[in-house]
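Encoded as C-alpha cells, the structure appears first; notes follow it.
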Amino acid sequence: MAEAGDAALSVAEWLRALHLEQYTGLFEQHGLVWATECQGLSDTRLMDMGMLLPGHRRRILAGLLRAHTSPAPAPRPTPRPVPMKRHIFRSPPVPATPPEPLPTTTEDEGLPAAPPIPPRRSCLPPTCFTTPSTAAPDPVLPPLPAKRHLAELSVPPVPPRTGPPRLLVSLPTKEEESLLPSLSSPPQPQSEEPLSTLPQGPPQPPSPPPCPPEIPPKPVRLFPEFDDSDYDEVPEEGPGAPARVMTKKEEPPPSRVPRAVRVASLLSEGEELSGDDQGDEEEDDHAYEGVPNGGWHTSSLSLSLPSTIAAPHPMDGPPGGSTPVTPVIKAGWLDKNPPQGSYIYQKRWVRLDTDHLRYFDSNKDAYSKRFISVACISHVAAIGDQKFEVITNNRTFAFRAESDVERKEWMQALQQAMAEQRARARLSSAYLLGVPGSEQPDRAGSLELRGFKNKLYVAVVGDKVQLYKNLEEYHLGIGITFIDMSVGNVKEVDRRSFDLTTPYRIFSFSADSELEKEQWLEAMQGAIAEALSTSEVAERIWAAAPNRFCADCGAPQPDWASINLCVVICKRCAGEHRGLGAGVSKVRSLKMDRKVWTETLIELFLQLGNGAGNRFWAANVPPSEALQPSSSPSTRRCHLEAKYREGKYRRYHPLFGNQEELDKALCAAVTTTDLAETQALLGCGAGINCFSGDPEAPTPLALAEQAGQTLQMEFLRNNRTTEVPRLDSMKPLEKHYSVVLPTVSHSGFLYKTASAGKLLQDRRAREEFSRRWCVLGDGVLSYFENERAVTPNGEIRASEIVCLAVPPPDTHGFEHTFEVYTEGERLYLFGLESAEQAHEWVKCIAKAFVPPLAEDLLARDFERLGRLPYKAGLSLQRAQEGWFSLSGSELRAVFPEGPCEEPLQLRKLQELSIQGDSENQVLVLVERRRTLYIQGERRLDFMGWLGAIQKAAASMGDTLSEQQLGDSDIPVIVYRCVDYITQCGLTSEGIYRKCGQTSKTQRLLESLRQDARSVHLKEGEQHVDDVSSALKRFLRDLPDGLFTRAQRLTWLEASEIEDEEEKVSRYRELLVRLPPVNRATVKALISHLYCVQCFSDTNQMNVHNLAIVFGPTLFQTDGQDYKAGRVVEDLINHYVVVFSVDEEELRKQREEITAIVKMRVAGTASGTQHAGDFICTVYLEEKKAETEQHIKVPASMTAEELTLEILDRRNVGIREKDYWTCFEVNEREEAERPLHFAEKVLPILHGLGTDSHLVVKKHQAMEAMLLYLASRVGDTKHGMMKFREDRSLLGLGLPSGGFHDRYFILNSSCLRLYKEVRSQRPWSGAPETSHRPEKEWPIKSLKVYLGVKKKLRPPTCWGFTVVHETEKHEKQQWYLCCDTQMELREWFATFLFVQHDGLVWPSEPSRVSRAVPEVRLGSVSLIPLRGSENEMRRSVAAFTADPLSLLRNV
C-alpha cells in the first residue's frame, strides 16, 4: 500500500511535507526524484550526501519508516449471535462477508483476517470494491483538509469488499417523532425530502441508495456544561455576559431512565451547583488527579435561544454554504460512566462522525461537553452487558447502550471510522510527518476565556477553532469543543481582548499582548474566510505565475482581485482598493464571489493578470516607493492612489495626449487579441464609448462583439464606468492684479483688523475683522464706520506706506487679504471675500504709493511690493532707497541710478545670509556679478521681507526647475555633491557603487533640499559614500525624472540604434528637447562621470560600472534590462561629441582633476594633510591616570599597529607567549571586546560613547583558543546556552534572571537560535516541531563582548553579550551564558574564526610600518577623544578580579 501511495509522489513534494524543502536540490543531485527511490536511505548515506544536521536526518528516516509501514490490524474477536432489531436498516447479506463480531471474547485463530473497510464518500454508503480479477478504479476519498502547506498525495487502491455497507443509525421512538416538526431547524421547503439534514455537497456519481436521515436532536437545553474539573466559573456581570433565560425541562424518552436536566437560569451560582450537578463535577477526576474539582457551568458557555427555535448543530454549517460538512456516521443516546467508575451513569447525546466522537448533555446542544479525535482512539472493547470502552493512549471512556445490539452497532461504527481514519492518515502528508490523522494548526496557544480562572488551549485548524483544557490534551486529541467558523465572526474589543461571535454564544478571549491579539484575529479571520470560501477559482487564476503574488505589495497567494484593472491582490491591499471607489477599482473575492467568476473572466485574468497589469500600471515605480507585504495602511493608500487614480507609475502610450488618435487605436485594438494594448489605451485616456465611425458598430464594445473577441468584450464591460487616471497638477495660483489703473481713487467696504506692531504669525479669525467703509483719494486711505459717516475712524497716508503684501488665499478668516506696512512700524490687515474687489484695492493702493520711477514694477504680478534702503556696486559708503517687487522666486529692483528694473533670481544666488546684530541686520544677496546689501531700517517690514525672500530662495518643490540653481542652471544640490566628490572621492574605491549610511544620507539629503545653498560639505564632516548616496537618491526621487517622463522612452529607444553615428546624432537631438535645467544637469553629471572613469584604475569604476549604477537611477527603472545603462554608457563614451565639448575645455577639465588628485596625494605623503586623524586616549592594562596614552589615530591604523605603538611608547617587550591585544571596554554594559588585529581603529572610535574606552593588555585566553581551533574539525559549533533578550522583563524577580535554555547553531554564515521543547514522555502523534530557527543573525554583523552586566543576574559567570547592527544601523543586543569556562572559550574562538575567515591571530606578529592613510577614509576632523571619567568597575559581569580572570591560568 505504501508503494502504491508513493508511486506518484515526488521527492520535492515529500520533502515539502516534512518542511525540509531546502534539500530538494541535494536529493535531485544524487538521482533521487521519486519518494519510492528513497527507501534504501540510511543515516550514513544522508550524511555522505551532505545533510549535516542530525535532527533533519532523523526526521527523514522516520518519515520513510512511517510511509512504508502499515499498522497492525486490530484484533478480531469471535462473533456471537445477536438478535437484530427490526427498526435498524441493514444492507442485504453478502455471503463473502462474515458478520462483524463484538470484541469481547478471545480471537479465534481459525477465522480469516478481517476484510478491509471500503472508503466512504461524504455521507453516502461506502464505495463498493471490485473483485480481485477486475481492474479497480481510482478510489474516492473524502477531500483532504483545507491546509495549504500540506502536499496532496495520490490515493492508492484499497482491497475490495463486496456488498453494500450498513448504516448504523437508530430511528426515533414514537414520542420522539412527535417532536420532529417543532425541532427541525431550519425548516425545510415542502419539496425536500422529510428529515433531510444531510449537507448539500458537489454532484456525486451514481451510488447505492441514500442513507436514512439523521435522527433529529432531542429538545433539551441548547448548551452543555463542559466536561471539566479544572475550571471554576467567575460569575459574569455587565454587558459582556450572555443573558440567561428560564427554559422548560424536556421530558426524556419514555424507554429511558429519567434524567435531571440543568438549565440556564437566573439562580445564584450556589443554586446552580447544588443537587444534580455532583455527577458532572466528578466526570474527569481520574484523568487529572490532584486538580481541584470545579464545574463548567451552563451560564458561562451558553446563550439561550427562544424555545421555539431549534439550534442546528455547528457542524451542519450555514444553509447553502460552501463549507464541506463532516458526515455523521451515527448519533444517539448513551449512558456514560464518570471517570471515578461510579455506578451512576449519566445520559449523554453522542455523535460520531468521520473525525470525532463527541458527547453532549442533550441533542439540542450546539457545543459538546468533550470530543475525542477518532485518530487518537487505539481500540474499542466490550465490557459486560451493554457496555463498551473507547480506549485512547492514556484514558478510557466507558459507555453503556440500551441493548447489546445497539452496543454492537456503536462498536462497529467506531471501528469503521477508525479504519477509514487510518487509511486517510497513511495517504496524507501529515502521516509522513508522524502525526497520523492530524492537521497542522494555523495558530495554537493559550488564551483566557471570560468566566474561567485558567487559560484554555486554543487551536485554529482549517475552518474550525478548537478548545482544549491544556496543551497535553491537545496532543492527546481530547478536547472540549470546537467552533465552526462558517457561522462565526470576530471583532476587536480592546487592547488585548476580542470576541468570537456565533449565533449560539459569544466567546470573549484575552491574549497576553496586543501583538498576539492581532495574530489571533488574523488567524480566526482566515478560518472564517476558509469556511465560507472555495479555492477552485483561486487555484485556476494562480496557474499563471505572476498571479500568485499580490500585484501591489507582493504578498503570496492573494485571494482578492480588481476585475476592471485585471490584477490579483491580497486582502490588505483589497481594503485600500475599496477606498478608491468603484470608479477606480472593482474588488471581488476569488473564493467567495463565485458567481462573478465566469469562464471568460477567469480566462481574461490568465491572459492579462498581474504580469501585463504591472507592466502598464507599475512600469515606473521607484524602489523607494514600492510597497512591501508589511507596509502600513496609510502607505498602501497613498501608493494605490498614485498608482491607479493618478496613474503616476503607468507606462505612457506613444499616443498619450492625442485623444483622437487614442480613440482610433482603441477601435483597432479591440478587434484583435492584444488585450495589453487595450489596457494601455484605456489607462492613457482613450474613450471607452468613443464613436468608431461605423454606424453598425458605433462603439469599441460593438466592434469587439462584431469581431468575436469575447475577452475584449469582457474587459470593456468591466471598464465601462472606470475613471481615467489623472495626475493632480499643482498650478500656481492665478493673480488678479497685473494692470495698473489710470486712477488712484477708489472706495468701498473693507474688513480690517486693529493695527499690529509685529508680524502676523497666527491666523486671524473672521470675527476679528470689522466692516469699514474705506476711501482712497488724494494720497490718503481713510476708513469710516459706515458709508454715511463723515469723520473717519483713521487714515493711512500713501507717503507713509513702505510695503504692500498679498498673502496666499485663505491665510486668514477672509479668503483674500492684503497687508499694509507704514513707516510708523504699524501693520494693517484688510480682507474681502470677492477676489475681484481685492484685486482692485491692491492695484489702487500700489499706484498710490509707488513713484513713477518704479511704475514698471506694477506691470507684473507681485506678492510683496515696497521700498527698502540698500547698498550695492561701488557706492557702499551710504545707503540708498530702492523699490523692490517679489514675485515667485524673482526679486525685481529699481535703483535710483538706473531707471530700468533689474531682476534677481533668488534660487540662483550664490549666498543668502544675514549680517549684523539684531538691531542692525543686513540681508546679503550674492550673485555672480554683484553683491546686494539690504538694510533693516524699519524692523517690522524688514522682517516681512526677510522671511519672504528666504522662502522664495529655497526650493519650491521636487522638480529640477524648482530647486536652488547655480549660474549655469545646475541645481545647487547636484553642484555641491559633484564638487565634493571631485575634490575628495575621485580615487575612492567603489565610488557611487558603495552606499553610505542610510541615516546620514537621509539627514544630508533633507538639509540639501531645505536649503542647499547654506550646506557646505566638508571633508571632516561628511563621507564621500554618504554624499554619493544622497546624490543618487535625489536624482532617483525626481517626480519627472532627469530625462522627463515624456522623453524617457525615446531616450531608451535611441540606445537600440545600431549605427553609432546615427545614435549620437539622435542623442544630440533629444538633448536639445530637454528643459534648460534638465539639459544643464545632464551635461554636468555626465562630465563628472567622465572624470570619475578616468581614474578607474584606482576607484574601480569604469564606464560600464558607472552605467550599471546610474542607468536605473536616472531613468527610474527597475534595472531588469540594460537599456538605461546603455544610454548612460553611450553618453560617457561620446561625451565630447554629444555635448559639443571642445578640446581646450576638455584639456582644462583633465588638468584640473589631475591637479586635485596630485595635491591630495602629495599632501598625504608629506604628512601635511591629516584631516582624517583622531587624537584619542588609550590605556595600558587598566584605566588609570598614569597609564593613559594620547595617540594620533589615522584612518588606516589597525588594532595591531595601535597595540605596538602603545607598547613602544612604554618600552614594553613582547615575549613569545604574550598575546597583547587592544580591547574595547564598555563600562555601562560591563563587557569588553578584543579587537581583531586587522580591524581598523578609526571607525570604532567614531562609535565609542562616553562610557567606553580602549585598553591595551594581554589576551589571557588567546593561547587556549588557538589550541582549540587547531584541534577542531570544521567551522561550525552548536549546543545549549542560556539566552536572554535585552528588553526581556519576564525574568525580573526570578533567580535565573530571565535566562532561558536555547539551542544555538553557529556556521560560516549565521548564528541561529532554536527554541528547545523538552518532553519526558514524547507523544508519537504530536505535531513535529518546526526546524525553522526562532532567530537568525548574519555572523558578519555581530559583535561579541565578553561579560554580562550584573544587574541582569546571569546564571553563570561565563557569559558574553552579542550586539547586532541592522541595515538601518539600529543596534540590538542579547546575552548568552555558558556552563563552563572552556565552553565560553570555544564559542568565542569559533566566533572569531568564522567572522575573520579563519585568521584569528597573525602567524608572525611583527612591528609592521603603518601604511599611508587612505584618502577616502581621511574625512574626519582632528577631534580629541577621551573616555568617561568614571572609574571602571573591577569586574566584568560576574568576574571578581580582572575582566578576563576566567581565561587566565590556561
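A Cβ is built for glycine as well, from the same backbone N, Cα and C atoms used for every other residue.
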Position flagged as phosphoserine [Swiss-Prot], chosen from S229, S913, S1319: S229
Range among 81-90, 531-540, 581-590, 861-870 that Swiss-Prot annotates as region 'Required for interaction with SH3KBP1': 81-90
Among S1014, S1406, S1428, residue that the record in Swiss-Prot marks as phosphoserine: S1428
Selected residue, Swiss-Prot feature phosphotyrosine, from candidates Y431, Y980, Y1179, Y1219: Y431
Candidate set T354, T1198, T1361, annotation phosphothreonine, source Swiss-Prot, matching residue: T354
For the domain 'Ras-associating' (1172-1261), the number of residues DSSP places in helix, strand and coil: 20 helix, 33 strand, 37 coil
Inter-residue Cα distance where the pair is Y504 (phosphotyrosine) and T354 (phosphothreonine), in Å: 24
Helix, strand and coil residues within the domain 'PH 2' (440-529) as assigned by DSSP: 25 helix, 39 strand, 26 coil
Protein Cβ atoms within 10 Å of T354 (phosphothreonine), excluding its own: 18
Cβ-Cβ neighbours of Y504 (phosphotyrosine) (radius 10 Å): 21
DSSP-derived structure type at T354 (phosphothreonine), helix or strand or else coil: coil
